[in-house]
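According to TrEMBL, the protein has these features:
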- 1-36: region 'Disordered' (REGION)
- 17-36: compositional bias 'Basic and acidic residues' (COMPBIAS)
- 53-74: transmembrane segment (TRANSMEM)
- 117-139: transmembrane segment (TRANSMEM)
- 125-244: domain 'VTT' (DOMAIN)
- 145-163: transmembrane segment (TRANSMEM)
- 198-218: transmembrane segment (TRANSMEM)
- 224-247: transmembrane segment (TRANSMEM)
- 259-278: transmembrane segment (TRANSMEM)
Amino acid sequence: MASTRNIVGGETTTGNERGRVLTMRDEEKAKEDDSPSAKRAKFERFPLTRWELAAALGVFFVFSTGLFCIYLTMPAAEYGKLKLPRTISDLRLLKDSLATYANEYPAQFILGYCSTYIFMQTFMIPGTIFMSLLAGALFGVVRGIFLVVFNATAGASSCFFLSKLIGRPLVNWLWPEKLRFFQAEIAKRRDKLLNYMLFLRVTPTLPNLFINLASPIVDIPFHIFFLATLLGLIPASYITVRAGLALGDLKSVKDLYDFKTLSVLFIIGSISIFPTLLKRKRIYE
């Protein structure tokens, strides 16, 4: 079968020739995109707008101002006792120092505790596990779990939106193809995302900070993220808060997650993902 001929600008070209011309142009464009000058130009174009940077700095400023105002309302005698714990020994000293203040000024203390916890979660500052232990030591199991789950969910939600504002444009700027791949994989499993997210939240498979940061980047819907966080953090929060009651017997954070505890968490996580695995098996059959 003869190829189609077109007259363009006085020259006769066949369909095959035109296809070769287009292919050559695509190759030339790809070479231009891979050239050092193109790559340099790409990295010179910063992906964040001024408004996005201003919004991120504004969030940090609001949180910092709130914490500073709470700090100023505390009695002067408590100033020297405030320190983010990094070890169990630091946590015991902080608990002994703040026990009286928590009893005399419960509203102020809870406000300061919640603000600090949410601030640490929002900006991915390590050490929230010590805050969870402190909740158990000062408030008991029921109130401690409520405080920890509330603050962890609120802080994770703030981190979600901050990552969506800053992290997603940055990742799309640095690794656009990889981002599109992961977004496509998430889209394929959209109807099962809640089960997968519950499994990740209940079990220590991935760090919670990584889940908070990565979820908006790979297009996890916020309502699924929020529900999985709210429900999925309850088992681990119970373990941590309950351990805070026996803070004197705790030697290290590693003692919280022994083989028995990890087994229980993975069993609970497996229950959450079992319906998805069962449904997939039926599809293959």
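Including glycine, each Cβ sits where the backbone N, Cα and C put it.
Worth saying up front: this structure is predicted, and the values here are computed from it rather than measured.
Beyond the ends of the transmembrane segment (259-278), by six or more residues, the same chain brings 192, 195-196, 198-200, 202-205, 232, 235-236, 239 to within a C-beta distance below 8 angstroms of the stretch. The transmembrane segment (224-247) makes no contact with the transmembrane segment (53-74), as judged by fewer than three Cβ pairs under 8 Å among residues 6 or more apart in sequence.
Using a Cβ-Cβ cut-off under 8 Å and counting only residues 6 or more beyond its ends in the same chain, the transmembrane segment (145-163) has close neighbours at 56, 59, 110, 113-114, 117-124, 128, 131-132, 135, 139, 208-209, 211-217, 222, 225-226, 229-230, 233-234, 237-238, 240-241. Each residue of the domain 'VTT' (125-244) gets a DSSP state, and the totals for helix, strand and coil are 102 helix, 0 strand, 18 coil. For the domain 'VTT' (125-244), the model's average pLDDT works out to 91.
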